[in-house]
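Visitor: Submitted below is the structure of interest, expressed as structure tokens.
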Amino acid sequence: RPHKAYPVELAQFHSADYVEFLHRITPDTQHLFSNELARYNLGEDCPVFENLFEFCQIYAGGTIDAARRLNNQLCDIAINWAGGLHHAKKCEASGFCYINDLVLGILELLKYHARVLYIDIDVHHGDGVEEAFYFTDRVMTVSFHKFGDMFFPGTGDVKDIGEREGKYYAINVPLKDGIDDNSFTRLFKIIISKVVEMYQPGAIVLQCGADSLAGDRLGCFNLSIDGHAECVKIVKKFNLPLLVTGGGGYTKENVARCWTVETGVLLDTELPNDIPENEYIKYFAPDCLLNIPNGHIENLNSKSYLKTITMQVLENLRSIQHAPGVQMQEVPPDFYIPDFDEDEQNADERMDQHTQDKQIQRDDEYYDGDNDNDHNMDM
């Protein structure tokens, strides 16, 4: 079970005042903080809700721990479907993203890897992650997304390529409405294969936003689940440490279908098309099948348009220093010790089930020797 991220961990990327405000704000008190709500962009797309901060701690802690498990070679692939909130900025929320767990996970991976590749197949541009690493060659960000027609967040033009040391290390693949499986997966394979060859990352982070699927309430692509999952297959074949997250997705039953299929892909497990009986089965009625039909939105991505985009991206890739080197410093410590005094806890106080659940340790989560995260700590 991942730990809940501590405020000090969230502040490794986000400003301390923003983290503190998220910690403090509640639906009952938000009317007292109209200036701060405006400053930190809370309200419209990013509402204040009950247990908002705990929600952020849980999904961010999942991505941070996933990165740590990869760093300690406890797994080859780590998944956090609750993560992938790619719009959050250093000092503000955006697009229902409050804490950018992806940036925090990448910062963790950078302790052990000279270069990290970030890939985003959400229908929206991965602007928060791109912005965080816009000036460095240690992270290459590649985002495939709908661009134009005032589509949120309005960034991610093919001309946006990074600046200073990060010039050419931000790659944007702007797409129009209605792209289908064949066009998308072909484009994805050509670009990502070249990126991995040129950049030679030590680890990959893949954001699998499901709003790029056909029929999404906010999306406008024609991808089937098989087309979406094909991208996961392509990335898995590189055999590099891989951190996979969720992201957007607004037709909830298709989000569940998609990430189920992709979990199967990552585990090399073929799943039957019939969804087995379960307590949520009514959401998948009437047919209760895993696969969804392709969409019928007109594909506005002409072959010549896709060819032009591909040529521009490959041209930019030729400009990068092949696999940039970096002098690795001493690896910073992984864990922060929580600030609580066991002596101050009241042993007579009854713990609710929710709190008990959070303290469960899985039997297979204890490690010997160098893999024991506690072995070198002074408690």
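Every residue gets a Cβ built from N, Cα and C, even glycine.
Model, not experiment: these values are computed from the prediction.
Straight out of TrEMBL:
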DOMAIN    3-264  domain 'Histone deacetylase'
BINDING   ASP45, GLY95, TYR250  substrate binding site
ACT_SITE  HIS87  active site, proton acceptor
BINDING   ASP122, HIS124, ASP211  divalent metal cation binding site
REGION    331-379  region 'Disordered'
COMPBIAS  347-364  compositional bias 'Basic and acidic residues'
Visitor: Reported as an integer number of Å, what is the Cα distance between HIS124 (divalent metal cation binding site) and GLY95 (substrate binding site)?
Guide: 10
Visitor: Within 8 Å of the Cβ centroid of the substrate site residues ASP45, GLY95, TYR250, which other residues of the same chain have their Cβ?
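Guide: After dropping the recorded site residues, what remains is HIS87, PHE96, HIS124, PHE152, LEU218, GLY248.
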Visitor: Given the recorded positions HIS87, ASP122, ASP211, which lie within 10 A of GLY95 (substrate binding site) by CA-CA distance?
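Guide: So the list reads HIS87.
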Visitor: State the count of C-beta atoms found within 10 angstroms of the C-beta of ASP122 (divalent metal cation binding site), not counting that atom itself.
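Guide: Step by step: centre on the Cβ of ASP122 (divalent metal cation binding site), count other Cβ atoms within 10 Å, giving 25.
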Visitor: Looking at substrate and its recorded binding residues ASP45, GLY95, TYR250, figure out the farthest C-alpha pair and report it in angstrom, whole number.
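Guide: 14 Å is the greatest Cα spacing among the residues binding substrate.
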Visitor: Let me spell it out: for each of the binding-site residues (ASP45, ASP211), count the other Cβ atoms within 10 Å of that residue's Cβ, using every protein chain shown. Which one has the most?
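Guide: Counting every other Cβ within 10 Å of each candidate, the maximum falls on ASP211.
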Visitor: What's the CA-CA gap between ASP211 (divalent metal cation binding site) and TYR250 (substrate binding site) in angstrom, rounded?
Guide: 6
Visitor: Counting across all protein chains present, how many other Cβ atoms fall within 10 Å of the Cβ of HIS87 (active site, proton acceptor)?
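Guide: By my count, 27.
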Visitor: Other residues near the divalent metal cation site, CB within 8 A of the CB centroid of ASP122, HIS124, ASP211?
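Guide: These residues sit around the divalent metal cation site: VAL123, HIS145, GLY209, SER212, LEU218, GLY219, GLY247, GLY248, GLY249.
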Visitor: Let's check the environment of TYR250 (substrate binding site): how many other CB atoms sit within 10 Å of its CB?
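Guide: For TYR250 (substrate binding site), the count of other Cβ atoms within 10 Å is 16.
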Visitor: Provide, as an integer number of angstrom, the distance between the C-alpha atoms of ASP122 (divalent metal cation binding site) and HIS87 (active site, proton acceptor).
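Guide: The Cα atom of ASP122 (divalent metal cation binding site) is 11 Å away from the Cα atom of HIS87 (active site, proton acceptor).
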Visitor: Using the alpha carbons only, what distance in Å do you get between the residue listed as 'active site, proton acceptor' and ASP45 (substrate binding site) once rounded?
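Guide: Cα to Cα, the residue listed as 'active site, proton acceptor' and ASP45 (substrate binding site) are separated by 11 Å.
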